[in-house]
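As recorded in Swiss-Prot, the features of this protein are as follows:
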- 178: phosphothreonine (MOD_RES)
- 234-491: domain 'Protein kinase' (DOMAIN)
- 354: active site, proton acceptor (ACT_SITE)
- 387: phosphotyrosine (MOD_RES)
């Protein structure tokens with residue numbers, strides 16, 4: 001009878017975390033209140049941590065890359081309730097259960113949990129990540145193919161060059177580079193080529209380091225639905241810059257989490273208008289968009305709390321010593337990243353209205369993200385150098401499409417026009433477009449089909465993309481998805497791959 005009871009308990013224990021025998025007196029529990037989870041939607045799902053995470057609140061669970069976790073509740077998209085399945089490697093005590101950011105874990109034994117699998121990243125992004133100095137020859141990753149849905153590509157670091165191979169797939173199952181050697185799984189594929197190069201440029205070494213850590217979708221589980229937060233929880237540490245709407249600060253939330261804080265000038269927006277727009281903005285989630293975390297709107301100055309990008313705006317970055325030394329490869333890459341974020345907004349039928357280098361932010365490891373999307377609709381602006389009065393509103397005339405200037409009607413195609421001006425800012429290292437011209441003169445010249453001339457250092461191929469964005473007919477301008485792949489494939493003909501049979505074209 002005792003054996004039957006023991007087996008029954010072993011079966012039920014994972015589903016009854018509140019009664020777990022692991023929560024005994026010998027374990028230091030940082031947050032006893034977090035031991036009892038909400039009603040679980042699915043049980044028994046085991047996950048692997050992809051990145052380190054340090055708890056931000058008493059309800060959170062700290063973990064390290066490689067830790068095994070059991071997810072007990074997935075009620076909220078961005079934050080799951082989970083428990084540790086193993087003791088910490090250094091022997092220290094730890095909280096047993098708590099909330100975790102869902103984009104930091106992958107289901108155990110899944111392809112996404114493999115350290116060498118990078119998901120749906122483009123070829124140029126794969127090259128950039130493999131070329132980080134921490135990676136050595138033989139470092140590799142497998143990614144979803146850009147051109148062939150459901151298929152995969154292998155990217156390998158060979159000295160100072162990244163080589164790419166298409167992993168072919170049989171209809172009946174199996175993966176191969178050449179038909180003389182077929183593998184039933186990608187794990188077998190990787191295992192084989194880590195033992196021998198067998199036709200590859202080099203033998204596979206260690207997986208590419210995952211240096212780019214995603215931002216959690218919210219500050220914490222508590223701010224998922226209640227994102228009007230106490231301003232006393234925010235410390236303003238260092239002013240990063242100032243603009244027409246207020247100041248941007250590096251801040252600290254809850255004494256744990258670095259954030260960016262935009263403090264708005266009193267009267268710069270109507271709080272109710274902003275909250276309506278922000279509710280939409282908070283649900284827009286993409287790696288190339290700045291994540292809106294929380295707001296403080298009950299008194300002036302209004303705070304907008306977002307993820308922190310330590311290098312400031314792209315405009316300032318291009319004009320400083322570091323940005324002025326970048327070359328065409330990096331310029332095309334930053335343009336492609338912005339196009340990727342804008343393609344997501346395009347897919348969600350959302351319009352930016354103020355796309356410019358000043359509204360793109362620069363992070364670590366050459367990461368660029370679109371900021372302030374949608375805010376132009378609610379800001380009351382007074383910077384006459386950028387925003388000029390048209391039809392009783394103020395517009396950034398030098399970045400605004402002619403049809404939007406005429407009628408004050410914005411569309412994703414007017415954003416495409418602005419993207420063309422952004423390309424001009426990128427290639428000229430942050431120069432003011434239409435330098436020396438007033439807004440009124442720009443409007444007059446555009447009516448005569450004038451376009452910004454090709455900068456002296458601008459390749460014809462790059463300038464052609466700009467001209468496409470400035471098509472007088474909005475419907476004839478490219479989509480952001482088209483702009484994304486054009487920029488990601490910009491150097492396609494300049495490849496340095498040695499194996500023409502396996503090189504991805």
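Every residue, even glycine, has its Cβ placed from backbone N, Cα and C.
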Inset, instruction - For residue 178 (phosphothreonine), list the number of other Cβ atoms lying within 10 Å of its Cβ atom. - result: 11
Inset, instruction - Restricting attention to the domain 'Protein kinase' (234-491), give the mean pLDDT. - result: 89
Inset, instruction - List the Cα distance (Å, whole number) between residue 354 (active site, proton acceptor) and residue 178 (phosphothreonine). - result: 49
